[in-house]
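Here is the structure we will look at.
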Amino acid sequence: MNNSDYSGVLPLNLLPDEASPRWNNKGDNGWQLIATTMVGMQSVPGLVILYGSMVKKKWAVNSAFMALYAFAAVLICWVLWAHNMSFGTRFCPILGKPAFALTQRFLLREYGGFHVPMADYVYYEFVFAAITVILLGGSLLGRMNFYAWMLFVPMWLTLSYTVGAFSIWGKGFLEKYIIDYAGGYVIHLSSGVAGFTAAYWVGPRQSHDRQHFPPNNIIHMLGGAGFLWLGWTGFNGGSPFAANLIASLAIINTHICTATSLLVWVSLDMVVYKKSSVIGAVQGMITGLVCITPGAGIVEPWAAIIMGAMSGSIPWYTMMVLHRRSALFQSVDDTLGAFHTHAVAGLLGGLLSGFFARANLLRMMYPTNHYGPGLMYSILDRKPKDGLIQMGHQIIGAVFIIVWNVVVTSLICILISRIVDLRMKEEDLDIGDDAAHGEEAYALWGDGEKMPIRWQMPPTIPSMCRRLN
């Protein structure tokens with residue numbers, strides 16, 4: 001069929017040509033590029049601002065830079081080997097073969113049957129991988145050696161994230177069994193568990209930092225949180241890779257669940273502590289976003305409200321009550337509480353998705369897979385066995401992600417500790433950003449003031465590099 005066959009049917013700007021072949025749907029492609037950009041903005045500038053504002057002033061630069069570095073490092077690793085390890089040719093039941101995702105032949109072909117270029121898919125999955133590593137880093141703020149972080153990012157991406165992505169989303173052994181619409185397990189459960197595990201190996205902040213760690217700029221913190229919330233429109237709305245009904249449902253469900261969760265968290269703070277905490281509101285927002293992610297496009301809006309109520313209350317309890325009573329939580333210094341906001345909320349969302357998933361929405365989203373209906377609907381249809389099987393699969397998927405991340409993250413931290421110190425030196429922890437990077441967040445110099453001597457000194461070179469020289 002040539003262009004003359006379309007004359008009178010399509011506007012001229014929609015006619016196929018060399019740059020836009022017939023398989024390329026310009027509407028879907030346009031939406032996917034927007035959704036991908038929104039997800040990227042969750043990390044840069046979203047989490048850069050959130051992390052840089054949510055920590056003590058002396059850690060603002062280091063915390064923001066950990067996020068910025070991870071975003072850049074993950075992209076290069078992603079296109080060189082990690083994308084195909086996550087979504088490429090099967091190497092084993094949990095991993096794909098490493099390969100480049102760089103050639104024109106690869107990037108400009110059609111992605112499956114989704115009517116968008118493969119380049120869209122590669123970059124969309126990259127921003128998911130990047131935010132996972134950055135979320136993990138939230139557990140390590142305020143004491144991790146930046147040189148150790150530089151090694152940790154590519155190693156964890158390669159040995160942990162790719163395994164979860166391939167096993168559940170790629171061509172792995174759990175792909176046809178686990179309902180994980182946009183990453184409740186692959187992204188949030190893994191980042192929360194890995195962050196908590198890495199925090200154990202890195203060790204705690206200094207005791208006075210741990211006891212008194214106020215945000216240095218709450219207004220900026222809210223700005224970063226806003227990028228995170230609205231960017232989630234692309235996070236969940238882009239997962240169908242089409243501007244279709246599922247994308248629309250996923251977006252409205254995302255915001256309904258998030259608003260409900262925020263309101264429940266704030267209400268609990270007011271009832272128990274007699275004050276509404278702004279930081280608490282941000283935590284409730286995050287748990288709502290995380291909880292709806294594995295089921296955003298396959299549950300109904302009324303279910304999203306229930307999920308929001310549970311994500312605003314159960315993680316609140318684990319963070320505000322259980323955390324203070326548990327010896328384990330007290331011994332591990334999880335700086336921003338990623339275990340509660342991501343691991344607990346991600347696990348909760350995965351289980352609730354297995355409970356509330358509706359069969360017709362599953363067919364629309366996954367026409368070639370055969371997921372069982374949610375447990376609630378299978379009970380209503382008098383086929384509880386189907387729903388129980390699906391819930392069993394959800395539990396198996398969660399156990400796999402938890403165990404793999406605990407083991408592999410521990411091994412990575414042990415290996416890195418043999419190369420550089422995981423934790424900054426005590427004297428550098430007293431100083432913070434200036435010791436780590438030779439820069440401070442709010443140092444404004446001028447009007448004849450002299451620059452501090454430390455600003456004229458380069459950052460300390462790790463002992464390993466000195467030995468090599």
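A Cβ is built for glycine as well, from the same backbone N, Cα and C atoms used for every other residue.
TrEMBL lists 31-52, 59-81, 121-141, 148-170, 182-203, 215-235, 241-266, 278-296, 302-323, 335-357, 395-416 with the feature transmembrane segment. For 31-442, the entry in TrEMBL reads domain 'Ammonium transporter AmtB-like'.
Contact check: the transmembrane segment (215-235) against the transmembrane segment (31-52) gives at least three Cβ pairs closer than 8 Å, residues 6 or more apart, which meets the contact criterion. Model confidence over the domain 'Ammonium transporter AmtB-like' (31-442) stands at 96, taken as the mean pLDDT rounded to a whole number.
Non-local neighbours of the transmembrane segment (31-52) in the same chain are 60-61, 63-64, 66-68, 70-71, 116, 120, 123-124, 127-128, 130-131, 134-135, 137-138, 141, 220-221, 223-225, 227-228, 230-235, 237-238, 241-243, 247, 282, 336, 441; each lies 6+ residues outside the stretch with a CB under 8 Å from one of its CB atoms.
For the transmembrane segment (335-357), the neighbouring stretch richest in Cβ pairs under 8 Å, chosen from 121-141, 148-170, 182-203, 278-296, 395-416, is 182-203. Taking Cβ pairs closer than 8 Å, the transmembrane segment (241-266) reaches residues 25, 27-28, 30-32, 111, 114-116, 120-121, 124, 181-182, 229, 232-233, 235, 276-277, 280-281, 283-285, 287-289, 291-293, 295-299, 301, 304-305, 307-309, 311-313, 316, 361, 364-365 in its own chain, all 6 or more past its ends. Among residues of the same chain six or more beyond the transmembrane segment (278-296), those with a C-beta under 8 A of the stretch's C-beta atoms are 50, 54, 179-185, 187-188, 215, 218, 221-222, 225, 228-229, 232, 235-236, 239, 249-251, 253-254, 257-266, 269, 303-304, 307-308, 310-312, 315-316, 319, 337, 340-342, 344-346, 348-350, 352-353, 356-357. Listed as Cβ neighbours of the transmembrane segment (148-170) (distance under 8 Å, sequence separation of 6 or more from its ends, same chain) are residues 66, 69-70, 73-74, 77-78, 81-82, 85-88, 90, 93-96, 125, 129, 132-133, 136-137, 140, 178, 180, 185-186, 190, 194, 198, 202, 397, 400-401, 404-405, 408-409, 411-413, 415-417, 419-423.
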